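Copied over from TrEMBL:
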type     : residues                                                 : note
BINDING  : A:95, A:203                                              : Mn(2+) 1 binding site
BINDING  : A:202-206, A:324-325, A:375-378, A:382, A:401-404, A:477 : GMP binding site
BINDING  : A:234, A:324                                             : Mn(2+) 2 binding site
ACT_SITE : A:401                                                    : active site, GMP-histidine intermediate
C-alpha cells in the first residue's frame, strides 16, 4: 500500500483523512511491514465504506486485511440507525457467521501422535467435507425454521451437541431476532442436506497442539496447557448463508437509489437499518447466524463421536465459538463521547473481542475476557487471543480473524502442487486429508500472510492479547 | 479490464486474479455465447470442465434485461443448481427470450474421486462485474466469484 497519503498515528495504526465524500476517517491497523504488503485496494475499500450513510467513528481495517468484496476482508464499520445508518449485505458477506470453534481434548498431544493416521482417517470419513458432500441430517419445513430460530440450541435438542456448549458460543448459541420467514425457499432448499457439513475453500477441521503459552494466567482460565491437543473447526452457514447473501445483495443494489444511497461500489449494497428491506435482511442474516451456530455444533458433535471411538479419554470441551462475518446490534461509546450508542457493527473477516467484565461473557470467562480464535492455514500456526477492555476508538472491540491471503488462488496454483505440499507437511508431522490436491495447492500455507506478524501487531495495537500458539497435527480440508 | 479487443468471432474464457477468490472472464460473438463461456469458466473454478460428462440436462429461466444483472443471475442460478442437485456442468446453451433468458445446462452428479473438486462456489459477486461490447461487436463479461 502506498503510505504517502496515510498519517501514521501510532506504531501500529495508520489514518486515512476523510476525502472525496468520506464521512469518517479510515484507520488501518498494521506495522510498516504489513502496511507495505497490503494491497492498495484495501485502502480504496476502507475509503468506500467510510462513504456509507450513518457510519460512525471510523472505517477500520484489521492487521490481516486483504482485498474483499466492497468491504475489505478484515473490515469493521459501525452504523447509527438514528443517523440514517445502513446495514450492508456486502458488509457481512456470502458466508454469514463463518467462524471458528476450539475444543479442548484434555490430553497431551503425544496421545494423538500415537493414533494420528487412524484419527485422521476417521475424522475424514465421518465429517462431510468438500463439494458434493451431504450431512447426516435432512432438514426441511418446520424443522428448518426451528433450526433457523434455535441455532446451536436446536442442534443440542436434536442430540447433536452438549447443553454445556451453549454458553461458550457467542449469543449463547442462539441469535435473537432471527426471522425464518424472511429466508427464501431457495436458501432453505440449498441447506436441506448441508447441516453439519464443513464446506470447502479455506474451511477445515484441525487437531492441533498447544505449542506455546504466552499469557499463563489467562491460559489457565481457558483450560489451555502447553503440549495438550485441541480440535479447531472453521466453517460457516453453508448454502443457506450464501443464498441469503446472493439474494439480498441483488435486492439492495436494485433499491439503493430508492433509498437515496449512492453506492461507491455495488458490492457495498445496503439499505437503511430503519427500512423494510433493512429489517428483512437483519431477520434473514440472523437466521443465517443460527444456521452457522447449528452447523458448527453438529460438526463438533461428530468430532466427539470420532474421538470417543479412537481416543476415548478425550473430553472435547468447548473453549469458545466465534463468528467473523456478521452484523450485530451492540452498544458502544463512539470516540469522544461518554454515553454508549446503539450501533450496528459490521465485522467482515473480523472477530468480536470483548474484554474482561463484559456482561455478554459467561463466567468464568468474564474475569479475563473473550477467547478470540485466529485460524491459520494447513502448515501454519493458529492462535488463541483474549479480548482487552477498551472504551471507543478501538474498532468497537474487534480483532483480526486469520492470517489473510497474501497470494491469489491463481498465483498459488502456479507456484505449488498439492501433492508436494501434502508430502512436505507429512515430513513435518502434519497429516492432511482432502478430496482435492488442487484445493490443497490453492490453500498452500505460503499463500497466506505471516500469522505470527498479524497477531503480534494485533496485540501491539491493543486489539487483543496473545494467549497461546497452536500448531497443526491433522488437517481435514474441504 | 481485459486486454481483449476482438473476439475474431470466437468464444472463450479465462480466469483472472482476485485477492482471495477467482475472477471469470468470458467472451463471444453474442451475449448468449459469452454467457455459455462464463458457465464453463465457472465449472473450471471447481474442476477440469473436460472431466464432466454432459449426461443430465437441466433448464434455467432468467428474467431481466440489464446484461450485467443477467450475468450475475445466470452464474448464481448455476451455483444454485450445482449446490442443490450436487451437479457439475460441462455444456450450456443460452437463448434470449422476451424479458430474459432461457437456457439449458448439461452435466453430471459430482464424483469426488474423478472430479476432485477444488472449491465450492458460494456465489457470483458484483465485484469487477462488467459486461461490455468489444470493438468488433462481440461481448465481454467479467465477474469475481466467492469461493
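Cβ coordinates are placed from backbone N, Cα and C, and glycine is handled just like the others.
Whatever TrEMBL says is automated annotation, not expert-curated.
The model shown is predicted, which means the values in this text are computed figures rather than measured ones.
DSSP gives residue A:205 (GMP binding site) a strand state. For residue A:401 (GMP binding site), the same-chain residues 6+ apart in sequence whose C-beta sits under 8 angstroms from its C-beta are A:62, A:64, A:74, A:100, A:324, A:349, A:350, A:351, A:374, A:375. Among the binding-site residues A:95, A:203, A:205, A:325, A:377, A:401, the ones with a Cβ under 8 Å from a Cβ of chain B are A:95. Residue A:95 (Mn(2+) 1 binding site) falls outside any helix or strand according to DSSP and counts as coil. The most densely surrounded of the binding-site residues A:203, A:324 is A:324 (count of other Cβ atoms within 10 A of its Cβ). Of all the Cβ atoms in the protein chains shown, 28 others lie within 10 Å of the Cβ of residue A:404 (GMP binding site). Cβ neighbour count within 10 Å across all protein chains ranks A:325 highest among the binding-site residues A:202, A:325, A:377. Taking the Cα atom of each, residue A:202 (GMP binding site) and residue A:234 (Mn(2+) 2 binding site) are about 8 angstrom apart. Long-range Cβ neighbours of residue A:95 (Mn(2+) 1 binding site) (same chain, at least 6 residues apart, Cβ-Cβ under 8 Å): A:236, A:237, A:241, A:242, A:245, A:325.
Residues within less than 8 Å, Cβ to Cβ, of residue A:234 (Mn(2+) 2 binding site) and separated from it by at least 6 positions along the same chain comprise A:98, A:99, A:100, A:202, A:203, A:204, A:205, A:206, A:375. Mapped onto three states, the DSSP output places residue A:325 (GMP binding site) in strand. When Cβ atoms from all protein chains are considered, those within 10 Å of residue A:205 (GMP binding site) total 26, not counting its own. A coil conformation is recorded for residue A:404 (GMP binding site) in the three-state DSSP classification, outside any helix or strand.
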